[in-house]
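The domain 'Thioredoxin' feature in TrEMBL is assigned to 1-105. Summarising the annotation, TrEMBL assigns site 'Deprotonates C-terminal active site Cys' to Asp24. According to TrEMBL, the feature active site, nucleophile maps to Cys30, Cys33. The disulfide bond annotation in TrEMBL covers Cys30-Cys33. Residues or ranges marked as site 'Contributes to redox potential value' by TrEMBL: Gly31, Pro32.
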Amino acid sequence: MGVAVNLTKDDFDDKVKTGWVLVDFWAEWCGPCKMAAPIIEELATQYQGRVLVAKVDVDAHPDLASRFNTMSIPTVILFKDGAEVARQVGYAGRQGYVNLLVKTG
């Protein structure tokens, strides 16, 4: 079973530099983030081995939130070999996040 990986400023670049990575920028106090959390975990399992699914707590790592211009949460960003490919701002439901992952082929 896949589990979304918690990223920090210390390991973020290393984790997203290779392959497909879906990163959920979230916070504990954010209601829509709490709605997205089980979907993100489900996608971590469904796409295990094809896409690394990860999370960044914007309160613990405001530097990463700022670096990626995360003005609203949840913000989910799809990276390919370290470059941003797509972004979803706000809660999008399961289908919205799957639509991002369709880009991975």
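Keep in mind that glycine also has a Cβ here, set from the backbone N, Cα and C atoms.
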10 Å Cα neighbourhood of Asp24 (site 'Deprotonates C-terminal active site Cys'): matching recorded positions from Cys30, Gly31, Pro32, Cys33:
Cys33
Per DSSP, what is the helix/strand/coil residue tally across the domain 'Thioredoxin' (1-105)?
39 helix, 29 strand, 37 coil
